[in-house]
Amino acid sequence: MTNASPDRTGPRAGLTSAEVPALRERHGWNELPRPTPPTPLAIFLRQFRGFLVLILAAAAVIAFLLDERIDALAIFLVLVLNAILGFVQEWRAETALDALRAMLHPVAVVLRDGVERQIPAREIVPGDVVVVETGEAIPADLHLSAGTDLRADESTLTGESVPVDKSAGAEAEDGQLFAGTALVAGRAEGVAVATGLATRFGTVARLTGEVGEKRTNLQRRLGSLAQQIGAGALAIAGLVALLGWWAGRPLFEMVMTGLSLAVAMVPEGLPAVVTITLALGASAMARKHALARRLQAVDTLGAASVICTDKTGTLTENAMTVRRFWTPGAAYEVTGDGYDPAGHIARDGTRVRAGDDPVLRAALATALTCTHATLRREADSWTMIGDPTEGALVTLAYKGWADPVPPEARIAEKPFSSERKRMSVLARDGDRLRLHVKGAPEIVLARCDHLLGPDGPVPLDDATRARVEAAYQDMAGDGLRVLALASRLAAPDDMDEKALTFLGLAGMMDPPRPEVAKAVADARSAGIRVMMITGDGPRTATAVARHIGLGAPDVIEGTELDTLTPEALSQRLSCDVLFARTRPEHKLRIVEALQGQRQIVAMTGDGVNDAPALKTADIGIAMGLRGTEVSKSAADLILLDDNFSTIVAAIAEGRRQFDNVRKFVRYLLCSNAGEVLAILANLALGGPLVFLPTQILWMNLVTDGATAVALGLEEADPDQMRRRPRRVNEPILGRVGLILMLCFGIYTAGASLWLFYTLLPSGTDLARTVAFTGMLVFEKVSVFAFRSLSRPVLSVGWFSNRFLVVAFSISLLAQVAVVYWPPLQTLLHTVPIAAGHWLSIATLALPLIVVPEGFKMLNQRRAR
Ligand code: ATP
């Protein structure tokens, strides 16, 4: 279905801005209705699913039938309150993820008013001339007007994973590109014939990107931990209840004891707390310009042990400026910055222009013809659209006053790819045809047999080849990216890249990003290896590596990598290495070899062919600005600023997340352990119930959740980036966690039972209220011990986590209400307690702060 049928080979000028509003009015925005998000009511009702809720509902019914109406009501109210808390958390997670999704808006290049402009893809209207580069998603259904040897991946539409050939002027579907698919080879220009809902791909959901809903490793592991504990809890609770009943205790009391036990053991809040922590973690990362497409990324990132990174644009700015130009007859210096042509080319200190120097003139003609980059003056500054490497060469040509090349002079093209490392264009040169080639020096030079001298082409001898090679190495040694330019006269359709005439070498500067050196140092001190994988030559790569603090790593070139056996590669990978002159498929080999060494690999990529490596890596990282849509959809993490230091910041954030998850898991389980031990010990002692089921529900569901979420928001430990990466399957609870559970459990159980039994002679309700309040206070107070397992709270700062202070205060105030406010007294069967009781509780709570703090201080002193 199409909603317009403009002329297939419509004017290259595209639409004018004035035409757009009417077309938009008629066809609407180029977007699809978003799937409706779950309504608040649906999210609220979702809270009533799950096993625990069923048990509690059953308990409420049993209590009701046994005429314990108040208990039934209390359980019901706790259920509702729990649902409200769950709702608030899920709602926050949902809105946080929504904000992330909104950041994935795609853009497209269209011709408006005769110039190429980048606009949000949703603004395309039928009739727009759209330009699509390799690796980009097709933003609307297009009739091709230019582009040959194109290939499109239409698997989203057809399920067919082999790319299909496309070409301008071809019949039917071969001459069209469809929205939602991706161009995987070539550069296409086409007229939009259908947009938004009218496109064949009725659901371009993929274009807007997806922030995955998949459960993360951590969520799964914690989910199954909670399930196992839940099943065990039920079995134990059932057994205890039966035994008690069999020993002659009243049925209702035993049902309630069993229920208390089950409720006390199950870490109910866990899954919800993990989800909200990861979602808030993802938002925190996005604020640092790292967009997690899957929550999984947040969790794996913290365990990353190797970062394999591209050089251009990630470690460097990808703002290329040609600084030197060299021909066998002369060396030139180039002034000026960026893409502003306000500099000049000088030879021995004297300005030269294309008209003064035939070799320079020929070279600049190739620089200006063999390109897709364009420079445009806007207000007072110059902007470049296209590839920065090409932009730098075009700027050079402007600086040298090269003759302009009209677009129609270009007849055919063999595009640049990281595999070929060169590009050729066949173009008119007066009444003749000329093939212009530019690319990596060794590749272009190998295809040259002449060089251009002042009087025309002369054969290229070995001595001159060696001089070219030396000049190349000299420029590369200074960290310049070097491209060779060559050309020759050609016959029509003659695109053979051989027998070329060498013209010269352009050395361009791409400055390292200023913040990268520190990020590299941070990564290294965190035990994370940084490996540069670049398409650039070994010398350029080594110079940049040195500059950013990667030392002088061993260099493995792509051609050598091809010959290495897996064992040899694995061995080489155990020292510091960098990879130069690689092709995209090398990345996959490198990832696999590193994974064979049980490393957790973060791998960056931007091109179509990087997708397999991004998918295989533990954390695939795509570039938000420069990356192709194909690479973005294969990645787990998108760098919104393409910046290496963002990866390191994201890893730090991932480590913080994992630490915090561990903190609250340990905290929650320690709290539960105290309750369980108290109930079991009390059963053995034979006294009345120490806590009522509703009281336990209150502690676990209402107050613990809030403190746990607050722990999840704890700031990073300052030494977290000085530790080695954790193993990916490192247990969350671990031995330390189990020991803590025992210590805290035994102490809090003992203390609350002591309160209970000393007060029992004054009445069960009073004793129980004090024991219950005691346990709650112990749990709240012990949270400070979990804020950091290594640093005393004194150095963490008592008030540094505002959320925790708020959660702590609210929980305590709520408990005061429970003890003194009649409606809550009725619901939770409490009675008022005296100041002396509070004092006893406070005294017993003191060791929960003092002892862990003492331990940490001792440890710190020992470590020093
Ligand atoms: P990195 O892998 O560090 O990001 P890169 O991706 O820029 O580097 P490639 O794009 O594979 O590396 O480029 C490899 C080589 O190909 C460059 O060193 C350069 O010599 C040559 N080259 C780069 N861009 C072009 C281009 N547009 N046309 C022709 N040759 C190019």
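Cβ atoms here come from the backbone N, Cα and C positions, even for glycine.
Nobody curates TrEMBL annotations by hand; they come from automatic prediction.
Sequence annotations record features per position, and here TrEMBL assigns domain 'Cation-transporting P-type ATPase N-terminal' to 1-68.
According to TrEMBL, the transmembrane segment annotation covers 48-66 (among others). Within the same chain, residues 72, 75-76, 78-79, 83, 230, 234, 252, 255-256, 259, 262-263, 266, 268, 693, 697 sit at least 6 positions outside the transmembrane segment (48-66) and bring their C-beta atoms closer than 8 Å to a C-beta of that stretch.
Annotation source TrEMBL lists transmembrane segment at 72-88 (among others). For the transmembrane segment (72-88), the residues of the chain that approach it from at least six positions outside its boundaries are 40, 43-44, 47-48, 53, 56-57, 59-61, 63-64, 268, 272, 693-694, 697-698, 701-702, 705-706, 827-828, judged by C-beta separation under 8 angstroms.
TrEMBL lists 229-247 (among others) with the feature transmembrane segment.
What TrEMBL records for 259-286 (among others) is transmembrane segment.
Beyond the ends of the transmembrane segment (664-684), by six or more residues, the same chain brings 222, 225, 240, 244, 257, 260-261, 264-267, 269-270, 273, 277, 690-691, 696, 699-700, 704, 707-709, 711-712, 732-733, 736-737, 740-742, 744-749, 752-753, 756, 771, 775, 778-779, 782-783, 786 to within a C-beta distance below 8 angstroms of the stretch. The annotation transmembrane segment is assigned in TrEMBL to 664-684 (among others).
For 696-713 (among others), the entry in TrEMBL reads transmembrane segment.
Here TrEMBL flags 733-757 (among others) as transmembrane segment.
Sequence annotations record features per position, and here TrEMBL assigns transmembrane segment to 769-789 (among others).
According to TrEMBL, the feature transmembrane segment maps to 801-821 (among others). Nonlocal intrachain contacts for the transmembrane segment (801-821), taken as residues 6+ away from its ends with a CB within less than 8 angstroms of a stretch CB, comprise 698, 702-703, 706-707, 709-711, 713-715, 769, 773, 776-777, 780, 783, 787, 828, 830-833.
Cβ atoms under 8 Å from those of the transmembrane segment (833-855) belong to residues 744, 747-748, 751, 754-755, 759, 766, 769-770, 773-774, 777-778, 781-782, 784-785, 792-794, 819 of the same chain, restricted to positions at least 6 beyond its ends. What TrEMBL records for 833-855 (among others) is transmembrane segment.
Mean pLDDT of the predicted structure over the domain 'Cation-transporting P-type ATPase N-terminal' (1-68): 71.
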